[in-house]
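Here's what TrEMBL has on this protein:
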type	residues	note
TRANSMEM	12-30	transmembrane segment
TRANSMEM	42-62	transmembrane segment
TRANSMEM	89-112	transmembrane segment
TRANSMEM	147-167	transmembrane segment
TRANSMEM	187-211	transmembrane segment
TRANSMEM	223-246	transmembrane segment
TRANSMEM	258-281	transmembrane segment
TRANSMEM	320-349	transmembrane segment
TRANSMEM	361-382	transmembrane segment
TRANSMEM	394-413	transmembrane segment
TRANSMEM	434-452	transmembrane segment
TRANSMEM	467-486	transmembrane segment
Amino acid sequence: MSTDVRQKFSSPWVFILAAVGSAAGLGNVWRFPYLAYENGGASFFIAYLVCLAIVGFPFLLLENGMGQTTSKAAPGAMGEVSKKYNLRFIGWMGVLVSMFILSYYIVIASWVTNYAINSPAMPWQADSSQYFYQSFLGLTDSITQKGAFNLLTFVFVVFLYMALFFVMRQGTQGISGVARFITPIPFVLLMLLAINSLFLSGSAAGLKFFFLPDWSKLFTLKIWAAAAGQVFFTLSLGAGMMFAYGSLLNKKVNLKRAVLIIIAGDTLCSLIGGTAIFGVLGHMAVSQGVPVTEVVKGGIGLAFIAYPKALSLLPFIPSIFSLAFFLALLTLAFTSMVSLVEAAVAPIIQSKPSLTRTKVLLVYFAITLCFGLLFMRGNGLYMLDIVDHFTSGYMMMFVGMLEAIIIGWFYPISQLRTNLENNSQTKISQIFDWLIKLVIPPILALLLFSQIHTDLAHRYGDYPMEYLVFYGLGVMAFVFIMSIVLTRSLPNGKLAPPPASA
Ligand code: PFF
């Protein structure tokens, strides 16, 4: 018999910490600061806040709310939307997206582990770019050259899976433990790093890029697309996760308030991370006499090249700051991975209660590890870039758009609002209904079309077409097909009666 007793979180705070742990991740530290830098500093932040209000808040309330009111993870909750049509496949699509995200997210987390272990020696000090691409990744010149298999990455990935297994086999109790004891760690570490940044000479030069607005950029589609995309990624929407966590929340809890706190916590993490990063980059630029624009790198390069280099040049205990940074990244990544795993394990066990949690975890880890092998060769970084682009750039938003349309119009959304209001005796404005039904679907559709338009105009990353088709479109096709297969093969299982709280 299943060991997945659907134990609820023991308090709303544990739920909030778990959800903040999912939301605050690698994306807050390398994606948010870089997007802000590229899109006019504070102007980006304004666009981001507007997107949080009109997309992030209602959507998080929708996903958590569907989980909370049905006590089911994404597929089961979507299955409740219509009696006539089997809409569980939309939930499974989200779950499959989270599966691909996990398979590369854990590889990046293994690089972070390696950097944390190497922090005392800081072998990247002399040439951080050469270290990351050549010495560490063994990156090949092009995606067509496979290169050598990176055994060290594999070893750390296995180690991370073991840590995840240890936590996740305990179900809600394991997730709660991580939420209580690990979620706060990166906040403390990043805060220390940010305070240190503020006192460095020249930090103002870097912080200017993060905080001063460039109003002209506020009126471009690019800034709004970037802000909405980041809201989706950072709040872990469209990937089944927030349904799964919502399903572990007691029905009486005031979800509206919890969601506001989750969003505030996640945004705080991005702001502290950005301050820590741009202060140090400013210091490095000024002390080397070069413009800040020359020391900033986009994407993964920010976390593994520009920032480690800048930290290594600090006048005071650089290796400790370096260790603090990579530990912050590792803990951020770990809490997000816990949620990525739960997003898939919860619905599988709910659909087939005869399976044990241990068995499901082992099979799920084996499958994601197999996909992950793709990212451990010399061309792994290119592969990772493609799979990330098609999952977080397209699939999360596509799944989100389907959820908004289907729940908005067919459930309908007023039903969800009434359920939430009745359960927790709070009032939710009718604006929520309109945002889900009328505002969010066109926004997501517009984002998707603009993304398709850009990708058709310039082949993404200039990768050969066959790779984009096979690993990009192939992943999307896999998600579509497997979501149907899972819907047919895993019908709605009977839930065991819920036991008392953990
Ligand atoms: N929200 C996390 C971040 O910002 O890094 C990571 C994440 C987890 C993204 C799960 C997407 C997802 F489905």
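Heads up, the Cβ atoms here are built off N, Cα and C, so glycines get one too.
Owing to the predicted nature of the structure, the values given are computational and were not obtained by experimental measurement.
Counted over residue pairs separated by six or more positions, the transmembrane segment (394-413) shares at least 3 Cβ pairs under 8 angstroms with the transmembrane segment (434-452), which defines the two as touching. Here the transmembrane segment (147-167) sits apart from the transmembrane segment (223-246); fewer than 3 CB pairs are under 8 Å, leaving out pairs fewer than 6 apart in sequence. Residues 54-55, 58-59, 62, 221, 225, 228-229, 393-394, 397-398, 400-401, 404-405, 407-409, 412-413 of the same chain, all 6+ positions outside the transmembrane segment (434-452), place their C-beta atoms under 8 angstroms from a C-beta of that stretch. Outside the transmembrane segment (361-382) by six or more residues, the chain places 99-100, 102-104, 106-107, 137-140, 142-150, 153-154, 157-158, 161, 164-165, 168-169, 300, 341, 344-345, 348, 461, 463, 467, 471 with a CB less than 8 A from a CB of the stretch. Sequence-distant residue pairs (6 or more apart) of the transmembrane segment (258-281) and the transmembrane segment (89-112) include fewer than 3 whose Cβ atoms are under 8 Å, leaving the two stretches without contact.
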